[in-house]
């Protein structure tokens, strides 16, 4: 009964308001729900259910799901049914079903976590190889029902890989440079606050439920940049409570570790992995954790990267470091995921060393270590060689590890891809990675087969998704971004799944069965990654974001001239990294022969990776016949134009989605449309300034509808030179003369009488909440505040730059000829009410 009450409490939240908390598990009524009643079960029969375990959870999930979707109450029968024709759902393990006298001869072979689902009218059989598998099968059955799929079926489903984990980059404390959740845009940590585990772990239980519903099986609950205090007695007790919250859903808990903990926490004078005291210390800590959490999944370790300690301090190898933890885990059956994200961020020198290349680091550090890792070590490899860019080639390290299992690290949180403020559906990108054939030894070597263990006959391997949910009821900060979490889980289970089919499953369960709703969200989502790539970074140049600050707004110059290694090597004549063997960094040579030959040769390198592998003049012709620079111009205009269509598309389904979620999504799509223009102008102006080559279409730098703020009549405002220059339309904006007096910028309008859209581009810094008022003559058109830092969840910035640039548009404004437009800016805190420009746009025109 306790399980039932808890689950009902969790599900009941969605009935109060459609705030996103239930995500795709709303169990909302489907069209014509009552007409299905005769084909639905009336009884739930859980086999060998124990309170707080997955079979028990499955039973109550079925009760709530069938009631929510169809309005039909079903009863729970806690003993084996004696009538095989009874309209019942029987749920349990294969073993329990056989022990109860069931016929398992027709059940296909199942592996750990696999399940068998048989639906014959109202008689349903859900069997798992283990309890977790039975729960997965239950969720699959309910998700079919939630999509209106009630027809008879019979099939088995096995996971593609044993490791289907989530990484949460949650910090024990808020503050610092990365807040409560590093690269998290959905609010504070659901696990930690003020240096300890939260008292209320309701959201942890809800999270486990979501993850189990898509076939995931473990969560690393703390940041890879780990704080050693996660291992204090109080916090080990606390993480045991998190594990308790996860356990009803079959989700296991794992921890990120700080390599130097024996010294920084344990009081030793060393953290050398060969020192017997260090070995004993880790063994004792691991024993203590398993006493508290007998089903703990294992550890995640980031070592010798971006300031994190590791074995290099003592001239030990990465294998030595990984094996330290692996051996401590072996008596308990645990696994260590050891990150391949290892590079020197302090000494890489772009200017002095043409062959220096961060993309080479993983292979250079791990090559030759393959036979040395313990069997319970899995190398966790980012999908690309750099860092979750809008497009990268597959990491070559997957081809270098045959005796050691590997897992692909994918990023659900959109660190470089719009931080959930821009719609970017990531499944098509991930599919390109998982379907890529590395041709190891001239044989089929698809990435998904490598990480599953099939290609090299490894028993371990799989997936690690960096998700970073928070306390926001949308989980990720955006309702639409949750499609990425859903797709991640589904692809980890079955990498052959289709991106569109996954998306449409999610839409029906999250929003509506209405075909127009399905079509609109499908169109927007499937166009979103190409659009973002077009207006952020093309041809493999990487996401041209500000890599030195929040990884959010445009700042292409920040890529170069520093040791972070995300270089473009752009100068006045040419652009791109030469990663060839014959003349460059040799990165192409890290790939197996067939792939190496493709990337080494500029003629066979795909255009979308041209600048990743080759340094070329701006006038280099692509396979399309366009020059590189003209492609940049065209792509940025095309991508930003696509983003404008998302707003109008979304508006067509108004009234078909609840108001709360409709308005929340609309706000972000309007913001994205404006910020896409900021991206477009910043990148095109930057490369026009650098190359001196004009846009053949005459668009770049030519904005006839704009009025630059610095050209207006100013009272209490003054011009300000923006850095980087391309972040402002004319390199300048205006700011109030001081932080206590309002400013006014005015200009007569030279337009004909009529209706126009008035767009104002401004900067919303995270150091105050300025207010702006827009007037036509003495009439107030509109007012807004600089409070996006409280709404969007993106990385905050105190600067006037591409991260804080924003746009507001007032539609269908009647303007009389010779009217005077004025903007009054009222500063707040340290924010001086900055304005970039105003556009007076004929209706339907985007400048």
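Just so you know, glycine gets a Cβ as well, placed from its N, Cα and C.
Look at Swiss-Prot and you will find 48, 78, 227, 315, 349, 472, 534, 583, 689, 738, 739, 769 (among others) tagged as N-linked glycosylation site. The feature signal peptide is assigned by Swiss-Prot to 1-22.
For residue 738 (N-linked glycosylation site), the same-chain residues lying six or more positions away in sequence with a CB closer than 8 A to its CB are 827, 832. Around the Cβ of residue 739 (N-linked glycosylation site), the same chain contributes 768, 827, 828, 829, 830, 831, 832, each under 8 angstroms and 6 or more positions distant in sequence. Within the same chain, the residues at least 6 positions away from residue 534 (N-linked glycosylation site) whose Cβ sits under 8 Å from its Cβ are 635, 636, 638, 639, 640, 642, listed in sequence order. DSSP assigns residue 78 (N-linked glycosylation site) to coil, not to a helix or a strand. Across the structure, residue 78 (N-linked glycosylation site) and residue 769 (N-linked glycosylation site) are spaced 59 Å apart at their Cα atoms.
Here the CA atom of residue 227 (N-linked glycosylation site) lies 24 Å from the CA atom of residue 472 (N-linked glycosylation site).
Of all Cβ atoms in the shown protein chains, 20 besides its own fall within 10 Å of the Cβ of residue 472 (N-linked glycosylation site). Shown are the glycosylation sites 78, 315; the one with the most C-beta atoms within 10 angstroms of its own C-beta is 78.
Its Cβ taken as reference, residue 769 (N-linked glycosylation site) is surrounded by 18 other Cβ atoms within 10 Å in the chains shown. Here residue 769 (N-linked glycosylation site) is positioned 52 angstrom away from residue 583 (N-linked glycosylation site), judged by their C-alpha atoms. Taking 48, 315, 349, 769 as the glycosylation sites under consideration, the smallest Cα distance to residue 689 (N-linked glycosylation site) is found for 349.
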